[in-house]
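Look at TrEMBL and you will find 1-17 tagged as signal peptide. According to TrEMBL, the domain 'Thioredoxin' annotation covers 6-123, 333-468. Summarising the annotation, TrEMBL assigns disulfide bond to 47-50, 396-399.
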């Protein structure tokens, strides 16, 4: 019996064991330097987003055990270290290298995404290529490759290249070589940098490789060269590179892109996009282009009000860096004429912005104002009002639990004409880009006179009464 009890106790202890390290104010500085590379989550126990991240973070820590450690800091009990690293919201994830803050983690927040992202961070930022075979294999991959050719492995130029590689390692692939035969074949000057585009995306509209042409090798110039040229005229947008592409004014053609099973068909439509794109880019027009699989990006397609099941023709939309959306309503023609007209109208300012919105409510006199995309500006962006807005989803259990409390808050504050309590179904309406909604409910405060800087809240609704 005693053995059974001991076994159960041992089993329970093992079940409770976590692969996530815990740091405090007292030991953070001494422990963080023990690791070449480590991911740290700064959290608060009451934070809903932190609770949702917890099982994914734990699973990632287990899978990365012995490769990259994961740690966490409870900021409600360890305010000194959280203040030191400027933590202002939860969860905040930061990467540390050799005890130094290397910057915020901006990768996926699923176990698979964290594992994939951190494996890229582990090991050297640039792979040493020691033979022609290694070189050919490296540049023959699915993604673009940046290769440095240096006669002297200890040169300043190689040092600057490696610094750039370290800074951009999350996003791009780097290799370098000091092999004389490779230098003779690919670089006549004894040192140079060449960006090689993926062979699968080879086309007649642009060169398959681009050479760094600056006189001086500095990490800043190398980084700019890469960021200016890495994608070319029209890259294939994927889950891995979407974040680098989406921060700019971007046209995407969505169709059955599949470079594994149908590279020829994938390039058929891409080449037609590129032909039209190049004609506008050659005129000095500013717009980025991409193609993407319409099933992989079904959410984006839906957000543009397009039907992803409508056949083989590409579906085209533009999303600007500000979040404005424009949709090509005519069918994509094989000669590219409809795309050409759509782009001309866009650059001439003749397109109407697409807005996904529920109808404006006829009666909106309740204690909680109903916001839709069409009335967002007139209510939430009213510069004379302080506005508290809840972004919710109809199916969200937490939102349903919050509803009576939120309504009560609206009733308590209804006598103040300068305060508006509001809610918006974020699944049925476009949410402005300055409001980041990753889960439900998400609450923001939009102060009077500061509408471009809404503040996100992770506190009890009734705590806000004291704020007001």
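Placement of Cβ uses the backbone N, Cα and C atoms for every residue, glycine included.
Here the features listed in TrEMBL are painted onto the structure.
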residue : record         : Cβ neighbours (10 Å)
47      : disulfide bond : 18
50      : disulfide bond : 21
396     : disulfide bond : 15
399     : disulfide bond : 19
Per-state residue totals over the domain 'Thioredoxin' (333-468) - DSSP helix, strand, coil: 39 helix, 26 strand, 71 coil
Do you know the DSSP helix, strand and coil residue counts for the domain 'Thioredoxin' (6-123)? 49 helix, 26 strand, 43 coil
Write down the Cα-Cα distance for residue 399 (disulfide bond) and residue 50 (disulfide bond), rounded and given in Å. 17
Whole-Å Cα distance, residue 399 (disulfide bond) to residue 47 (disulfide bond), is 15
Where residue 47 (disulfide bond) and residue 396 (disulfide bond) are concerned, what is their Cα separation in Å, rounded? 17
